[in-house]
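A.B. asks: Among the features that TrEMBL reports, ATP binding site is placed at K250. Taken from TrEMBL, the feature domain 'SH3' applies to 53-114. Positions annotated as domain 'SH2' by TrEMBL: 122-200. TrEMBL lists 222-428 with the feature domain 'Protein kinase'.
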Amino acid sequence: MEPFLRKRLTFLSFFWDKIWPAGAPGFLDPDADLEPEPAGVEPPAAEPCSPPAPAQLFRALCDFRAQSAEELSVGRGDRLYALREQGGYIFARRLSRPPRTGLVPITCVTRVTPEAFSDQPWYFSGISRAEAQQLLLSPGNAPGAFLVRPSESSHGDFSLSVRAQAKVHHYRISTAADGSLYLQKGQLFPSLEELLAYYKVHWQLIQPCVPQDKWERPRSEFTLQRKLGEGYFGEVWEGLWLGSVPVAIKVIKPADMKLTDLAQEIRTLKSLRHQRLIRLHAVCSAGVPVYIVTELMRRGSLQAFLGSPEGQALSPPLLLTFACQVAEGMSYLEERHIVHRDLAARNVLVGDDLACKVADFGLARLLKVRDDIYSPSRGSKIPVKWTAPEAAHYCVYSQKSDVWSFGVLLYEVFTYGQCPYEVLAGEP
Ligand SMILES: Nc1ncnc2c1ncn2[C@@H]1O[C@H](COP(=O)(O)OP(=O)(O)OP(=O)(O)O)[C@@H](O)[C@H]1O
C-alpha cells in the first residue's frame with residue numbers, strides 16, 4: 001500500500017512521511033531498507049524491472065503554457081519522461097508537480113545527462129567507488145560529507161557515497177519505470193536534487209564532499225629522460241614518476257598559453273576517462289612550466305607507426321581495428337559534448353599491445369583562445385587537410401567537423417600513413 005501510494009501520488013510525499021515516517025531517521029543507518037551498493041557488482045534495482053534509458057529523461061528549459069488539450073504546461077526545471085518524440089514535440093509525462101502527460105515543444109526541453117549536474121558541488125563525474133571512498137575519508141571531509149557519482153556498473157544510474165565516522169557507505173540511486181529516482185523502495189523523487197534535499201534532512205547529509213586535487217603533484221616527483229617529440233603546445237618527454245613508473249610528460253610552453261584557460265582545460269581532462277582516450281596521470285600546474293603527465297604510449301603516434309616497417313606490414317583487418325578504436329574514443333567525447341577539433345593520425349597514440357588512444361582532446365579546445373593564430377584570416381596554422389570546410393572558413397567546430405576529420409584519418413589509416421591530398425602543397 002505505502003509504496004503504491006508513494007509512487008502514484010508523489011506530490012503528497014509530505015503527507016505520506018507523516019503517516020509512514022522515513023526509514024532512516026537521524027544519522028546514517030546502513031541497515032535501512034536501502035539499495036546498498038556492494039563492492040564490485042551493484043545489485044539490479046529491485047523494482048521495477050525496466051528502468052527508462054537516461055536518454056528519455058528531459059528537463060524543461062523554460063516555462064511553456066499549453067495552448068490546446070494535447071499540450072502539457074511545464075515550468076522551467078520540470079523533469080519530464082519522454083514516451084515518444086513526435087515532430088517538433090516530445091509526448092512526455094511530467095515528473096515534477098502533479099504528474100500529467102502531453103506534448104511539449106522540443107525547443108523547450110533538454111535531455112538530462114550526467115553532465116547536467118556538473119555545476120553541482122556534490123556531483124563528482126568520472127570517479128570510482130574506491131576513489132569516492134578515499135576522497136570522503138581524506139582530511140577536509142567530516143562525517144556527513146557526501147557525493148553523488150555515476151554508477152560504475154549500471155549505465156545511467158547514480159550512486160550516493162556518504163561518510164559516517166571512519167567509514168563510507170555507498171548506496172545505489174535507482175530509476176523507476178516512470179523516471180522517478182529512489183534510494184529506498186517506494187520513496188520516489190522526481191529529481192536528484194529533490195532526493196538529496198529529502199535525505200539531507202532525514203539522514204543529515206551535512207555537506208558536499210570537498211574535492212582534493214589528487215592529480216596535482218610536485219614537479220620533483222618526475223624526471224625527464226628522453227624527448228619524444230614536440231607539438232604546438234610544447235615538448236613531450238618520456239620520463240619516470242617517483243623513479244619507477246614510466247610516463248609521458250608534456251611540458252607546456254608558458255608563452256603561448258593563458259594559464260587560467262589551461263587550468264580550465266586541465267579540469268576537462270580530469271573529468272574524462274575512457275579506455276580509448278589517453279589517460280591523465282598527474283598535473284604539475286603550480287608555477288611554470290606546467291607538466292601534463294599521461295600514460296606512455298611506446299609506439300608513438302599512429303601516423304608515425306603506420307609509416308614504420310612494422311606498421312607497413314599490418315593487414316587491412318588490423319587497420320580496421322585501429323579505426324574502430326578511434327571511433328570508440330570519439331564517440332565517448334561526443335557523449336560528453338567535447339569537440340576535439342584536431343583529430344588526425346598524429347594525435348592518436350599507439351601502445352605496446354597495438355591499442356590506439358585518442359590524445360590532445362582537451363588541449364585542442366584551447367584553439368578557442370588561440371583565435372589569433374588559428375583564425376582563417378591568418379590561415380597557415382589550421383590543419384587544413386583535416387579540417388571541415390565550415391570550421392576552416394568560419395571557425396564553426398562541432399561534432400560534425402570532428403566526423404569530417406575522422407574521415408580524413410580513415411584515409412591515413414588505410415593508406416598506411418600517407419598524407420591526405422598529397423598533390424596540394426603546404427603541410428599540414
Ligand atoms: N603519451 C605519449 N606517449 C608517447 N609518445 C607521445 C605521447 N604524447 C605525445 N607523444 C609523442 O610526442 C609527439 C609530440 O606530441 P604533441 O601532442 O605535443 O604534438 P602533436 O600532436 O604531434 O602536434 P600538435 O600538438 O601541434 O597537434 C607525438 O608525435 C608523439 O610521438
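Every residue gets a Cβ built from N, Cα and C, even glycine.
Because the structure is a prediction, the values reported are computed rather than measured.
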A.B. asks: Using a 10 Å cut-off, grab the number of neighbouring Cβ atoms around the Cβ of K250 (ATP binding site), all chains included.
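C.D. replies: I count 23 other Cβ atoms within 10 Å of it.
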A.B. asks: To what whole number does the mean pLDDT across the domain 'Protein kinase' (222-428) round?
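C.D. replies: Mean pLDDT across the domain 'Protein kinase' (222-428) comes out at 85.
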A.B. asks: With DSSP, how much of the domain 'SH2' (122-200) is helix, how much strand and how much coil, in residues?
C.D. replies: 18 helix, 28 strand, 33 coil
A.B. asks: Taking helix as H, G and I and strand as E and B in DSSP, count the residues of the domain 'SH3' (53-114) in helix, strand and coil.
C.D. replies: 7 helix, 29 strand, 26 coil
